[in-house]
Amino acid sequence: MSTKTETPVKKKNQKKIQCFWSWVIGSVILRLIIIYFPKNLNLSSRPEVSTPLTSIRRLAEGYWLKQSSMSPYAGSMYHGSPLLLTLLGPLTVKRIEGQPDHLLCSLVFVIADVVTAMLICAAGKKLQAAYSSSLQSIGLHHLSEDSDILPSGDFAALLYLWNPFTIVACVGLSTSAIENLMVVVTLYGACARLAPLAAFGWVMATHLSLYPAILIIPVILLFGYGPDAPPRKLFRQRTNLEVDDSASGDRSCLEDELVNEKRMLNVFSWRPVVLFLFWALLWSSYVLVLCGIYVQQHSGLQEMFKSTYGFILTIQDLSPNIGVFWYFFAEVFDFFRSFFLIVFHGNILLMILPLALRLNHRPCFLAFVYIVLSSMLKSYPSVGDSALYLGLLGLFAYELKDMQFSFFLFSGYVGVSLLSPVMHNLWIWRGTGNANFYFATAIGYACLQIILVVESVSAMLNHDRMITKLTTAKLQNVKS
Amino acid sequence: MVENDSVTEKKPRIRPIVRLGFFLISHSNYVSLLCFLSGIVALLLLPILANNTYISENALMPGSANSMLSTQHVSHANKFINDLTHSDIESHKTVAQYMSALDAEVTYHKFYPQLNQFHPLHFFTSSDSGIISKNISCSSLGINVAGIIRAPRGDGKEAIVLVTPYNPKKVGPGEALSLGIAYSVFSLLSRVTWLAKDVIWLVADSQYGEYSAVSAWLREYQAPVFHEAEIVNSETCNDSIAISELGQNPYSDRNSYGGFRRAGTMAAALVIKVDEQGNHHEDSLNIYPEASNGQMPNLDLINIVNYLGVHKTGFRIKVKKMFSLLGSRWLNTLGGIFESLGQIARSLNPQWKFGISATEYVEGAATLASSMYSQGLGVPTGSHGAFRDYQVDAITLKISPKDSPTKMIRRNDFILRGGRLIEGVIRSINNLLEKFHQSFFLYLLSSSSKYVSVGVYMIPFALLVAPLPIVAASLHADASKSTLQSTYSSEVEVSHKSWKWLNSARKVLVIHLWGAVVSLLPYFLYQIPNSTPTTNFTVWGILSAFSLIILYFILGSPIFEAAPSQPEKGEWASLKSVTISTAFIGLSLMSVINFATAEIGALLIVPICLMARPLKLDAQARSWRALLRATCNLALGFIAFPPVAYFLVKGAFEDFNGTNVGDYWNWVESLWTWNSATYLYVGIVHLPCWALCIHILFHPC
């Protein structure tokens with residue numbers, strides 16, 4: 001490691017950080033500007049932005065029902081969490097003279113976005129530090145320098161903040177900003193090994209939108225094995241070699257590294273996992289108690305589960321969205337419905353185990369893959385979900401630098417996101433198109449997500465292969 | 001994974017479809033030339049590929065019942081026409097009197113003519129209420145009269161609309177005749193028993209333009225607004241005109257009611273007009289179907305009119321065509337070639353019947369060109385366009401009599417024939433069980449009885465734009481290959497070979513932002529009072545150039561430089577590939593919004609996008625081929641410049657008389673007044689792509 005290369009790297013990082021804050025402020029200003037033109041855009045009624053679960057109008061309706069001492073779930077309008085009602089409900093009612101409606105709500109969402117970005121940034125820094133130290137410990141010093149050049153945490157945070165999908169979801173007053181925040185809290189907590197925080201994030205995210213429940217696997221892996229690292233067998237080879245070496249030579253100089261590797265190799269540390277599970281239990285019972293108090297007067301928790309999780313799982317609302325379920329379940333016969341419900345939801349569960357086995361040394365990336373899969377196969381997807389995984393994609397900028405079809409994916413995302421409102425207009429407003437037009441863009445969108453997940457996973461595996469090749473070459477050099 | 005490893009070790013086994021993709025990409029030059037030429041040939045073949053129309057909806061049953069319109073109705077109508085043209089009292093009162101004498105419910109609808117507004121995004125936002133400017137005096141108030149016949153068999157949930165625009169200040173003979181035809185049908189319909197849908201007869205006040213009158217009435221019908229300012233305003237005007245007049249009305253006891261009356265949802269609307277000039281060979285009927293943004297009414301509506309006109313009433317049905325093309329020599333030659341080809345094909349196999357005669361081909365091509373041009377402009381061809389914004393199918397029927405309406409001898413006969421046609425159409429629509437949905441919405445007319453459906457006309461467009469992704473992919477592959485080699489030589493540098501395009505994408509994004517800025521500039525220019533089109537255009541051009549320079553400086557500033565990048569060898573290639581992809585996305589998007597614009601735009605922008613190559617490289621090559629390519633590039637770059645392209649298209653489709661840069665401004669103004677998506681296309685897709693192509697031409701590689 002020469003000092004010559006270190007200084008420009010540092011400089012670059014500092015320069016990047018200076019720009020970073022101005023970019024963050026710029027994104028906030030952009031959001032505020034767009035919030036002041038809500039009438040022309042009318043984003044909160046677009047099917048791409050607000051789903052039955054995340055729409056602020058439904059939330060306001062639920063709050064109104066609650067205020068007039070009815071169950072917030074009466075009339076199948078609201079399907080979110082009661083906690084969101086207490087948090088955002090009063091803000092939907094409050095109007096400031098001369099300001100756009102829902103100004104306070106939008107400010108909450110803007111803050112949620114910024115906090116999410118900060119947490120992504122912090123998690124990225126932790127990941128990067130861990131990754132470069134693990135690269136060094138298997139002796140790939142030049143790679144670890146390379147990985148330092150691109151501050152992937154900052155990059156991912158800016159990607160999240162400036163992603164048009166995030167901006168649209170935030171300005172369109174979709175509560176997915178808060179769901180995303182909770183998911184990112186989980187990941188950050190797990191990366192920083194803060195069991196209470198991670199458990200809180202996981203419980204809240206699951207409570208809000210059910211699908212993040214599958215993130216428990218990556219979180220447990222994160223607590224058990226530590227953050228993303230090259231395949232574990234490389235460490236084993238390396239230690240074997242070094243043990244051989246140290247048996248013959250002096251051991252003092254390698255001691256530090258060895259200790260470090262021992263930590264890496266510590267097969268699976270159960271203690272933080274148990275701690276996490278304990279906290280998860282605690283938080284979930286706490287959330288349940290709070291919800292129970294809130295819906296106490298109206299038929300209790302059972303109704304809440306029925307109209308939140310039940311609504312998600314049985315796909316009762318078939319209004320068009322960017323997913324693929326509504327079209328299918330509008331066509332399917334009633335007596336096949338439950339069968340296909342099981343099949344469609346099984347799709348996500350089917351892929352959990354193989355992916356967990358293959359990517360268990362990279363739990364954060366595994367979480368990313370799970371999030372892409374669930375946002376593709378969830379019953380009411382919106383662009384807010386894509387905003388989350390596209391932001392997280394930035395965390396793996398170094399590992400995925402050789403990803404194929406990146407340009408194709410980019411053009412595809414641009415094309416589909418422009419085509420989708422046009423097709424919707426053609427179908428709903430002009431009447432010259434039909435549901436197939438809109439569904440075609442939904443299929444195109446799903447295909448793009450499939451390509452994204454396939455390509456990113458294969459790029460990651462190629463990266464692993466490259467590392468394996470390099471280390472084995474090095475080991476052979478050392479041996480010979 | 002084991003399999004994967006073995007694949008990398010052995011020679012990679014490629015699937016056929018991937019191999020086909022590689023083949024296309026590696027021969028992109030030939031493929032794109034082939035696709036482009038075949039796209040143009042397919043476009044020229046469209047008149048031959050046109051199908052005969054047929055009535056798709058069974059329920060319509062046009063012409064199955066005998067016409068009930070008798071000479072008695074016609075003589076009533078004659079009396080009405082005479083009263084209208086010769087009476088002293090205001091004409092809308094006469095109309096109202098006659099309407100209520102037929103037991104129709106009459107309402108007056110007062111409206112203010114709408115000023116031109118700049119709604120660049122109107123296409124995406126749903127129909128909103130117009131903003132009424134406050135300082136309009138009562139004198140500019142327009143009054144529509146609407147009469148409604150309630151159907152004896154209906155439930156009042158559906159309606160058919162008849163519209164007759166007229167100018168109350170000066171009722172022309174043609175307008176009077178069209179009112180007469182509508183009156184004769186209306187008087188018949190007020191007595192028939194078979195009516196299942198309400199009939200609304202809207203007599204639109206066209207002194208400020210018929211479109212604004214009809215759209216004001218429709219807005220009130222479909223989406224009423226409750227502005228306090230408006231109510232106050234109309235009340236002050238009520239004092240002077242409306243209330244006094246309603247009081248005087250002898251028929252006001254039952255059927256006249258001050259508020260706005262509605263019938264059900266509109267099934268269809270017919271706008272009836274009579275041409276003022278005569279001197280035609282025979283009585284003919286012109287159909288104008290195009291609404292805003294190239295939207296067309298359901299083809300079945302045109303089919304009914306065509307069927308009844310040809311088979312029942314003996315009108316000659318016409319669709320607008322381009323007369324300049326009829327005489328053009330190249331088209332006639334082309335028609336001759338196609339005819340002889342068709343004959344050869346028929347001699348080989350009598351089953352093949354794709355040949356049409358040369359004159360038929362030329363006529364079809366002229367009609368098709370006109371249809372495409374008026375769809376592409378995105379400006380409605382008549383007041384029927386207002387209905388399409390509310391998803392109501394509507395057409396304008398313009399009847400051109402043989403003799404001039406003033407000295408018409410057979411006026412009764414003319415009214416009878418016109419009335420029978422309208423009656424037949426209304427009776428057919430009355431049979432309708434649902435909205436029009438069976439037949440096509442997306443088509444081009446090549447004559448009144450021939451159409452080219454979406455499945456056919458998409459082929460030439462797809463062939464035209466197909467080279468774009470192929471060339472983009474090949475350029476992208478080349479660019480990443482070249483950077484691959486360069487980065488492996490110096491291993492220390494971080495290789496982002498797969499993400500190299502990001503730099504070019506940033507440039508393209510900035511240029512497209514510039515395009516958006518340029519298309520928003522007229523909003524501010526429009527505020528300048530007393531400016532001629534020429535000065536406006538000049539200011540617009542200067543401001544656009546200025547904003548481009550500002551953006552260029554922002555682009556060049558170090559903030560935007562993510563990684564210090566010296567101008568690389570393959571930089572123009574990656575820039576071109578991104579440009580081409582955006583052009584492809586933009587054109588595909590536009591083809592969904594307004595096909596005709598996309599088709600014309602593709603003819604203009606695709607060649608330069610495909611050909612663009614730095615002139616410096618061509619100059620260095622110093623071969624005939626390079627020189628030819630450079631000249632071609634310059635010529636194409638000149639042609640694709642939006643104002644030049646406008647004058648070329650206008651010269652090709654309309655008569656070319658005098659070029660004035662102010663014309664371009666006027667054209668642009670008309671586009672945004674009609675909320676045409678073509679305006680957005682020109683500003684956000686065409687202009688930036690052209691600018692990027694020019695940038696590539698003068699690239700310092």
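Yeah, the Cβs are placed from backbone N, Cα and C, and that goes for glycine too.
As recorded in TrEMBL:
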TRANSMEM  B:30-50  transmembrane segment
TRANSMEM  B:454-475  transmembrane segment
TRANSMEM  B:508-526  transmembrane segment
TRANSMEM  B:538-560  transmembrane segment
TRANSMEM  B:580-606  transmembrane segment
TRANSMEM  B:627-649  transmembrane segment
TRANSMEM  B:679-698  transmembrane segment
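Listed as Cβ neighbours of the transmembrane segment (B:508-526) (distance under 8 Å, sequence separation of 6 or more from its ends, same chain) are residues 118, 120, 536, 539-540, 543-544, 547-548, 551, 554-555, 575, 578-579, 582, 668-669, 672, 679-680, 682-685, 687-688, 691-692, 695.
Looking at B:30-50, B:580-606, B:627-649, the range that has the most CB pairs within less than 8 A of the transmembrane segment (B:679-698) turns out to be B:580-606. Using a Cβ-Cβ cut-off under 8 Å and counting only residues 6 or more beyond its ends in the same chain, the transmembrane segment (B:627-649) has close neighbours at 373, 600, 604-605, 607-608, 611-613, 615, 618-619, 659, 661, 663-664, 667, 682, 686-687, 690, 693-694, 697. Beyond the transmembrane segment (B:580-606), the same-chain residues lying 6 or more positions past its ends with a Cβ under 8 Å from any Cβ of the stretch are 36, 40, 43, 123, 293-294, 371-373, 375-376, 378, 442, 444, 454, 457-458, 460-461, 464-465, 467-469, 471-472, 475, 508, 512, 639-640, 645, 648-649, 677-678, 681, 684-686, 688-690.
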